[in-house]
Amino acid sequence: MAEGDNRSTNLLAAETASLEEQLQGWGEVMLMADKVLRWERAWFPPAIMGVVSLAFLTIYYLDPSVLSGVSCFVMFLCLADYLVPILAPRIFGSNKWTTEQQQRFHEICSNLVKTRRRAVGWWKRLFTLKEEKPKMYFMTMIVSLAAVAWVGQQVHNLLLTYLIVTFLLLLPGLNQHGIILKYIGMAKREINKLLKQKEKKNE
């Protein structure tokens, strides 16, 4: 068991080091984005919502086709991949890179690797469920996809995408400030109250 844990830890460290090397040119940008997403200042949440709203209003106004939208998005990614490693050191100053920043960069890369592992783990569990319990797998997939299709039919695609993107960008800050845990705790307390009231009525 200990040997397996050590192997997993070493593999995680190796994957993290590899990702750090790949994203080294994006270090300053990632640290800045990390500060924004974790809401280190009070005006960061409305700034995130403002930027996302402006981007989606622009898309709504231009109303590009799917092919044009995908092409422009990929083109933007290619430009960012080329320009950011060149411009970031000049804007932020690579000589200001401190030990604390390097540690935070390492933590970010480690979290990204862990998130990727979780996604792969869920994907593997899905296929395990398909092999071990095919009926449950197909019923779960059909019901889930039907629910998603119904929601997509009821809500405009662009509005739905806007809500999803906004939520995902606000999620790190919500977690960092304990807002999600707070409301989950409130929901659990309300559910417990309802269950207790139901038990008293049954008695």
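Even glycines carry a Cβ here, placed using N, Cα and C.
Record features, source TrEMBL:
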type	residues	note
DOMAIN	26-182	domain 'RETREG1-3/ARL6IP-like N-terminal reticulon-homology'
TRANSMEM	42-62	transmembrane segment
TRANSMEM	68-88	transmembrane segment
TRANSMEM	136-153	transmembrane segment
TRANSMEM	159-184	transmembrane segment
Over the domain 'RETREG1-3/ARL6IP-like N-terminal reticulon-homology' (26-182), what does the predicted model average in pLDDT? 89
Tertiary contacts of the transmembrane segment (159-184) (same chain, 6+ residues out, Cβ under 8 Å): 37-39, 44-45, 48-49, 52-53, 56, 151-152
